[in-house]
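What TrEMBL lists as domain 'Pyridoxamine 5'-phosphate oxidase N-terminal' is 28-147. TrEMBL lists R49, M50, V51, L52, L53, K54, Y64, T65, K71, Q93, Q128, S129, W172, R182 with the feature FMN binding site. Residues annotated as substrate binding site in TrEMBL: K54, Y111, R115, S119, R178, L179, H180. Feature annotation from TrEMBL assigns domain 'Pyridoxine 5'-phosphate oxidase dimerisation C-terminal' to 159-201.
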Amino acid sequence: MSDRTGIFAGDDPFAITRAWLAEAEVSEPNDPNAIALSTVDADGMPNVRMVLLKDIEAEAFVFYTNYGSVKAQEIEQAGRAAFVLHWKTLRRQVRVRGTATRADGPEADAYYDSRSLKSRLGAWASHQSQPLDSRTSLMAEVAKVTATHGTHPKRPPFWGGFRIVPTEMEFWADGAFRLHDRFRWTRESAQTSWKIQRLQP
Ligand SMILES: Cc1cc2nc3c(=O)[nH]c(=O)nc-3n(C[C@H](O)[C@H](O)[C@H](O)COP(=O)(O)O)c2cc1C
């Protein structure tokens, strides 16, 4: 019989992530949806940076970025990514590894349209991850795109989401004397069912 109870109960790892995130939204001082997103370059050199997790779908996680950025190039080259959610207030982490593809359909338009006008224009102005001469040049670019796109900018073709479909997820919660609880969900692909294992701390 499984001894997976309490905060680990249930077989749907997306439901558990949603429940833990809802708790973190109450306890974290800011950005409870911040994830450390890991990619790998063409030489196998790992890379990591924070982004905001914007949607938890039935079978995938979605974040938004610039498609010309380093992270986007690395994801498109490898077709895969990993991330971790960590909440200091809850002393818990969720680890995710999987395949990653563009989410640039109507959901990306809807999310872009929900952002403030300044953020929408900022997405047009920034060639993310490229060198920049000065802050002044960036503000000049913001003025230029404001003149071009006005108050109803469309989502830039170079900006949108990525959807990570996990083949592995792990839920970790702090335990007394470093005897933490860990449960790992693994599956061959999104079409196959999950296998769940308790792991040594
Ligand atoms: C808390 C936090 C949230 C962030 N959220 C995003 C985000 O949602 N999308 C994004 O493109 N960059 C985000 N950033 C900036 C990235 O960490 C990073 O600087 C940028 O995306 C360029 O990364 P790259 O050169 O590896 O592509 C965030 C940074 C922090 C600290």
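Placement of Cβ uses the backbone N, Cα and C atoms for every residue, glycine included.
Keep in mind that what you see is a predicted model, and the values were worked out from it rather than measured.
Recorded features from TrEMBL, shown on the structure.
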| residue | record | Cβ within 10 Å |
| --- | --- | --- |
| R49 | FMN binding site | 14 |
| V51 | FMN binding site | 17 |
| L53 | FMN binding site | 22 |
| K54 | substrate binding site | 16 |
| Y111 | substrate binding site | 17 |
| S119 | substrate binding site | 10 |
| Q128 | FMN binding site | 15 |
| R178 | substrate binding site | 7 |
| L179 | substrate binding site | 9 |
| H180 | substrate binding site | 16 |
Among K71, R115, the most crowded of the binding-site residues [Cβ within 10 Å]: K71
Euclidean distance between Cα atoms of K54 (substrate binding site) and Y64 (FMN binding site), Å: 7
Winner by Cβ contact number (other Cβ atoms within 10 Å) across the binding-site residues Y64, W172: Y64
Neighbourhood of ligand 1 - binding-site residues from R49, L53, W172, R178 with Cβ under 6 Å: R49
DSSP three-state assignment (helix, strand or coil) for R49 (FMN binding site): strand
Euclidean distance between Cα atoms of H180 (substrate binding site) and R49 (FMN binding site), Å: 26
Rounded Cα separation (Å) that holds between R115 (substrate binding site) and W172 (FMN binding site): 33
When distances run from the Cα of W172 (FMN binding site) to each of the binding-site residues K54, Y111, S119, the nearest one: K54
The domain 'Pyridoxamine 5'-phosphate oxidase N-terminal' (28-147) - residue tally per DSSP class, helix then strand then coil: 40 helix, 44 strand, 36 coil
Whole-number Å value for how far Y111 (substrate binding site) lies from L53 (FMN binding site) (Cα to Cα): 12
Rounded inter-Cα distance in Å - R178 (substrate binding site), Q128 (FMN binding site): 40
Candidates V51, K71, Q128 (binding-site residues) - the one closest to Y111 (substrate binding site) by CA: V51
Recorded substrate site residues K54, Y111, R115, S119, R178, L179, H180, farthest C-alpha pair in Å: 44
Nearest of the binding-site residues (S119, L179, H180) to V51 (FMN binding site), judged by Cα-Cα distance: S119
